[in-house]
Amino acid sequence: MSVEHPPIGEANTEPAAGGCPVTGRLRHPLQGGGNHEWWPNQLNLKVLAKNPAEGNPLGDFDYKAAFNSLDLAAVKADIAEVLTTSQDWWPADFGNYGPLMIRMAWHSAGTYRSSDGRGGANTGQQRFAPLNSWPDNGNLDKARRLLWPVKKKYGQNISWADLMILAGNVALETMGFKTFGFAGGRVDVWEPEEDVYWGPEAEWLGDKRYSGERDLENPLAAVQMGLIYVNPEGPNGNPDPLAAAVDIKDTFGRMGMTVEETVALIAGGHTFGKTHGAGDAALVGAEPEAAPLEQMGLGWKSSHGTGKGADAITSGLEVVWTTKPTQWSNDFFEILFGYEWELTKSPAGANQWVAKDAQPIIPDPFDPAKKRLPTMLTTDLSLRVDPEMEVISRRFKDNPDEFADAFARAWFKLTHRDLGPVTRYLGPEVPSEVQLWQDPIPAVDHELVDAADIAALKEQILASELSISQLVKTAWAAASSFRGSDYRGGANGGRIRLQPQLGWEVNEPDELARVIAVLEGIQEQFNAAQTGNKKVSFADLVVLGGVAAVEQAARNAGVAVEVPFTPGRADTTQELTDPEGFAVLEPKADGFRNYLGKANPLPAEYLLVDKANLLTLTAPEMTVLVGGLRVLNANYQRSPLGVLTETPESLTNDFFVNLLDMGVVWEPSPADDGTYVGKDAATGAQKWTGSRVDLLFGSNSVLRSLAEVYATDDAKPKFVQDFVAAWNKVMNLDRFDLA
């Protein structure tokens, strides 16, 4: 529903050009003002300093141990008690908060988008802005307050992130549905995630994210600002079920859901509960972030009647889908296909549909003596009018057990999508069946290599035809596919030699294939020579190759260093790898390799910071890695851009020394290709070339201050030490067994 909300705040998208670039009075820093108001396009490096230890009230807390100490059955029993204990301050529809908890869990997980892995339930972000105040999350603040007694009782043994998802599962189970399972392991954070791009709009329900016919901007999935998925009234409130079907399939597809999973989720979720649109939405007050202090973090206070219970207003729609809203059934499909539908308005004026020639068979949420006519949303009718979804819907209607299984699996996928591989799952209800979307890696079934083996393998790798550059690039390509947003990717599994990673442009497929062949030969030779069960995996060998190369490059620079290496990675197979599912991990840019693909929405330096953010790097770690990778000659296609050294493949601090050299003047390349030329200030002779990413470390004041640390005459040992530490961090980002 198109409810008016205060604007988020107009964004100044114009670059600062001389003089003060702002108008009006600047805000106090405590009000959100600061440098960004003067220079709105300033690179935001704060995304590389997320969730600092100083902001964590728990300190060095072992959540895994705490969660595993829980009596999960007792927690679930306490949640179940909450569900059927109606509170006067927010009465339960049909005497059961189960549907409200399902919506809370759904919307916690449903912000996930597969394109960058951001969003989702993993850190409990629904507690914070902007999500706690999105129009689509209206009155979910009440759901979390209802759960407070449970959270209070069990304290830090269960995170809010886990509790919200568990409450959704308990709601389903207590209403007669058999879930697929539940895994804990979501760790709370203590601040909003401000590195997530939710869209360009500066007002609720705006849709500037579209271009062309209806092309949705990447990486977004939702159709409008402040919605989790689609507009239930139809595109921009237009009650066209067929047009809404296009949005549904696009949006759910961008979450990583198939069309069958999408149908199952919509129908399964809408088997329970109701929507709320009892009256004029203009009577609803401000969202939590804009509400007055005395409301204590609760928003959407309504002056329509009592403002709650039978008078509640949330979406503005007033729909009850089934005859048994607190019981699992096949009613949704029976009713969807059992009637013809005509457009009507809710009491709040929202577009919805009512059954023609129907009897009032739908229960009232608060008066058992009353019955209602069957009603549906525009997006519900999409499941009937869209040819592809109709076939699935009719099959589910005629095969209730198949529908129940599909919903159970889709719900589990929805609520666990950003939790990472099964090795991160906690608790007694983790299902034994592994799903393809979990990126399965077989368990290590052999003895691991020891220190002597590692030393011998490093010698053999360095004696091969492979260069330091090739070894570094291959290890980086494998490990840097990791995303800290949803814990996907990384070197474990050895997927660098499988499709689609083997064919990614940034990985230089032809050269990569040659490197893989050599490493596989070394692996086969080593494994064949063993008499017992000792083996080296290909995944371990890729990382070990990088380790050997970095150590040799340091020796070339006159520094002896031992790069840490812990074996234990396993090799997966092409059959256990979904090429379409992995395609979203392909880098469109990688500033660490000076790679910039085509049609990127932001300049290369912004994309570098985004990549560093996904790799969970700090600004110093990003800085030292870029400088080190440049002198290791690890650029895409061995480009000379930023290779500011006369001795490539030596781990020197030359990149920083030469970048900050005042005897070099930089200017845009005459090729007008976005690159730069560094010339001798005295002679005008060309000395170097560089990219926007390279020059960033001399231009940006914060990054220049970091570059200066590594450019001093006494910096070489520290540079090598810090590079090795950052390199080792990236190589082990997906080693959850080491945590």
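Placed from the backbone N, Cα and C atoms, the Cβ positions cover glycine too.
The Cβ of His107 (active site, proton acceptor) lies under 8 Å from the Cβ of Gln126, Asp136, Asn137, Leu140, Ile228, each of which sits 6+ residues away along the same chain. Taken from Swiss-Prot, the feature active site, proton acceptor covers His107, and the record attributes it to sequence analysis.
Summarising the annotation, Swiss-Prot assigns heme b binding site to His270 and lists sequence analysis as the type of evidence. Other C-beta atoms found within 10 angstroms of the C-beta of His270 (heme b binding site) number 25, with every protein chain shown included. In this structure, His270 (heme b binding site) belongs to neither helix nor strand by DSSP; it is coil.
Summarising the annotation, Swiss-Prot assigns region 'Disordered' to 1-33 (among others).
Residues or ranges marked as region 'Disordered' by Swiss-Prot: 113-134 (among others). According to DSSP, the secondary structure content of the region 'Disordered' (113-134) in residues is 6 helix, 0 strand, 16 coil.
Annotation source Swiss-Prot lists site 'Transition state stabilizer' at Arg103. DSSP classifies Arg103 (site 'Transition state stabilizer') as helix under the three-state reduction. For Arg103 (site 'Transition state stabilizer'), other Cβ atoms within 10 Å of its Cβ number 25.
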- Looking only at C-alpha atoms, tell me how far His270 (heme b binding site) is from Arg103 (site 'Transition state stabilizer'), rounded to the nearest Å. 10
